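Q: Here's the feature list from TrEMBL:
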BINDING   A:Phe23, A:Gly25, A:Gly27, A:Glu67, A:Glu272, A:Thr273  Ca(2+) binding site
There are 2 protein chains.
Amino acid sequence: MATIVAPSQISPVEDAEALRLAFKGWGADNKAIIAILGHRNVHQRQQIRKAYDELFEEDLLKRLESEISGDFERAVYRWILEPADRDAVLINVAIKHGGKDYHVVAEIASVLSAEELLAVRRAYRNRYKRSIEEDVSANTTGHLRQLLVGLVSSFRYEGDEINPKLAQSEAHIIHESLKEKKGNNEEEVIRILTTRSKTQLVATFNRYRDEHGVSVSKKLLDQTSDDFHKALHTAIRSINDHKKYYEKDLKDIKELYYKRNSVHLEDAVSKETSGDYKKFILALLGKQE
Amino acid sequence: MATIVAPSQISPVEDAEALRLAFKGWGADNKAIIAILGHRNVHQRQQIRKAYDELFEEDLLKRLESEISGDFERAVYRWILEPADRDAVLINVAIKHGGKDYHVVAEIASVLSAEELLAVRRAYRNRYKRSIEEDVSANTTGHLRQLLVGLVSSFRYEGDEINPKLAQSEAHIIHESLKEKKGNNEEEVIRILTTRSKTQLVATFNRYRDEHGVSVSKKLLDQTSDDFHKALHTAIRSINDHKKYYEKDLKDIKELYYKRNSVHLEDAVSKETSGDYKKFILALLGKQE
């Protein structure tokens, strides 16, 4: 994330000691925590965590958990986790919230590559002593369960081949399912979405748009918006855009945000957040004090 | 497999050259092929394959494919493959046969550990340019699809913890489903079977047996035996016995076979097979000529 103002050279040991100092006494020195963690890149954060563990024989994450709370805690906590671990936590939180948060599960599972998703499944198992599919399926039923379990369990082929005939026939299946108000083709749509390669799926979505003059994801927005259709919509959008996600850069996101909303992302964040949480997020967005 | 009569020291290069010679001329010298490949252990077979590739710049497997055919080919071919690759081929063959062979898919997926199953999924993707779940789900529907896709996509937790309350409640769900002739609890049984850890499942199966005086797998044999119930039965049996599978040894299998059938396995094989296929299988069973 190219917006962070991170020094190129840091001393993990000095940072670990400064954090230790910030934890001293009654109530943590949140300003010091933001000054350090808000200005370190992913690699530096891992180094600090390691140094902290070696110096004080204590897990920095666990210490942070006991020192800070609320939105600020969650932001810092996710920020310091490695990507696979962070996604495992996000999925677990979404499952606990249930209902309207299931699209988060659909998004993470659809955006990641096969190997990245696998790393998240490993991290989840280590952290919660259960599998993702176990928790997802114990909390859902019917088509929503089928879709989510299929997405989180997938290990898609990732070659560049496209089968145009298959794209045509499966675009037709999707069309038939969306056409009826109470589609009885949902199981076939779930099958296609959870098992085909992303390259093949993009070809199928393109075929659909060429034939019907509207994208699958737009068409879905007209449907009843229950949890299942919301997750379905998220999965289709994420698969269609999965390449964009690979070039995650907060700088691009800031530009795109301004283009779409004519408001600077920093200003929107300032309006919506407060306190240490606000300071931390603004530090990540590269705002100098 | 402790029955093979394999010399402790072999020369991969000499073996590769002998195989090359066996392929010379019109029709392969099957006797020579059996004499070599039937008497080499898994490590030695990999060495021979590597030596053959280096000496003749040709894949031994592909050459075998063009030289031999029928049952003999399939046996040799599977014999020389590494386990993950072999299971990928077996799953693919089972999907192609369809119907009554789907229990093979259920068995392989249920017997393997999470990491072993993952290796098979990788091998399948490399070999067929599609995922296992993609091929399974495109060829099945309904509960059979749900069960098989769930089994082949699972990445189960593998800790030793048992939740006795969960074992009780899920044994009850399984009982309710089996009790009715047309169970409408099948989706819950599939969920349990495809997501819980094997240790937990064994506890659930034990609980069922303690309460109803009959094992789940025996009870299932009384049900309608369609493809779904056959695959279900295989999965339950394989999960229940998964520890036994880890100590695969043809010597034990031979003893067990004799104990159960009062017939020697070699004699049964002799009766059921013929030609080079017979000679090859008997060589694997350790029968000296």
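Placed from the backbone N, Cα and C atoms, the Cβ positions cover glycine too.
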Q: Select one residue from A:Glu67, A:Glu272: among these binding-site residues, choose the one with the most other Cβ atoms within 10 Å of its Cβ.
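A: Neighbour-count leader: A:Glu67.
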Q: Report the same-chain neighbours of A:Thr273 (Ca(2+) binding site): residues 6+ apart in sequence with Cβ closer than 8 Å to its Cβ, ordered by sequence.
A: A:Asp71, A:Ile281
Q: Any idea what DSSP makes of A:Phe23 (Ca(2+) binding site), helix, strand or coil?
A: helix
Q: Over all shown protein chains, what is the count of other CB atoms within 10 A of the CB belonging to A:Gly27 (Ca(2+) binding site)?
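A: So the number of other Cβ atoms within 10 Å of A:Gly27 (Ca(2+) binding site) is 9.
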Q: Could you check the binding-site residues A:Phe23, A:Gly27, A:Glu272, A:Thr273 and tell me which sit with their Cβ under 8 Å of a chain B Cβ?
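A: In terms of proximity to chain B, the binding-site residues that count are none, since no Cβ is under 8 Å.
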Q: What does DSSP assign A:Thr273 (Ca(2+) binding site), in three states?
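A: The residue in question, A:Thr273 (Ca(2+) binding site), is coil (DSSP, three-state).
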